[in-house]
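**Q** Pasting the feature list from Swiss-Prot:
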- ASN84: N-linked glycosylation site (CARBOHYD)
- ASN138: N-linked glycosylation site (CARBOHYD)
- SER247: phosphoserine (MOD_RES)
- 24-277: region 'Legume-lectin like' (REGION)
- 1-23: signal peptide (SIGNAL)
Amino acid sequence: MQIHKLCIFVLFISLLSSKTISAVKFNFNRFDGTNLIFIGYAELGPATDGMSRSGALSMTRDNIPFSHGQGLYTDPIPFKSSNNTSSSVYSFKTSFTFSITPRRSNPNPGHGIAFIVVPTVAYEYDQDSTRGFLGLVNLTTNGNPNNHLFAVEFDVFQDKRFGDINDNHVGVNINSVNSKVSEKAGYWIQTRTRGKNQWLFKEVKLSSGDNYKAWIEYKNSKVIVWLAPAHLKKPKRPLIETQVDLSEVVLETMYTGFSGSMGRGVERHDIWSWSFENTAKNN
């Protein structure tokens, strides 16, 4: 009888230990450094007085040319049930407000920011990841499938080496800074002309210093991206909608956050708010 009870107890403990919480949901209305990992030159952004903090997560420092950095959520996040490439990827969605602000004494922008999903926390600062590499990869690692990198870039410098369509675009990247698909930055609004509904595209300038909001969703092997000025609601029509199978890209757990870099064209890259949610269930 005692042995029977012991077996039941061991089984109960085993079941408890195997049950893990996979779903993740968080929201930052502003940043104070809590639950964040800072890599490279990433920091809590300074306020205009130069002493206090603005509440932003900053990827670069406008007084340091060629600076770049990453700001990541502290905990690894489940992205699929196992590392097997056949495992389906959990749906996820994220939204954030950001601004890219050139330094007044040097109005030429460069280079941009990206929402990222990466396999590890890269504590070793890579000096070669600056400029058009957006703090993500370097000339040697760009395009390597072992990067296990997913990113949506907001690029304000046309680097023809990477096939950039212009100096003001949004792109979806897999293991590389060469975008799988990209569109000029802007948003769609629906208008009515002569009794007919029509879509009108309104371009925005990412490096204007204005606040913009982005929404990114992944579901059923499809990436969907919306962009609009921060004071507007999410547009009904997305900027980008493309088929992307992340099952061979993401691992069972990944880190998520932002990266950014600049060259001689000094600018600030600030994230002002951020929410993230995946649809994983308890295992």
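The backbone N, Cα and C atoms fix where each Cβ goes, and this holds for glycine too.
Note that the structure is a prediction, hence the values are computed from the model and not measured.
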**Q** What are the sequence-distant neighbours of ASN84 (N-linked glycosylation site), meaning same chain, six or more residues apart, C-beta distance under 8 angstroms?
**A** none
**Q** Round to a whole number and give the Cα-to-Cα distance in Å for the pair ASN138 (N-linked glycosylation site) and the residue listed as 'phosphoserine'.
**A** 24
**Q** Write out the long-range same-chain contacts of SER247 (phosphoserine), meaning residues 6 or more apart in sequence whose Cβ is under 8 Å from its Cβ.
**A** LYS80, THR85, SER86, SER87, SER88, VAL89, SER221
**Q** Check the region 'Legume-lectin like' (24-277) for me and report the mean pLDDT.
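**A** Residues in the region 'Legume-lectin like' (24-277) carry a mean pLDDT of 89 in this prediction.
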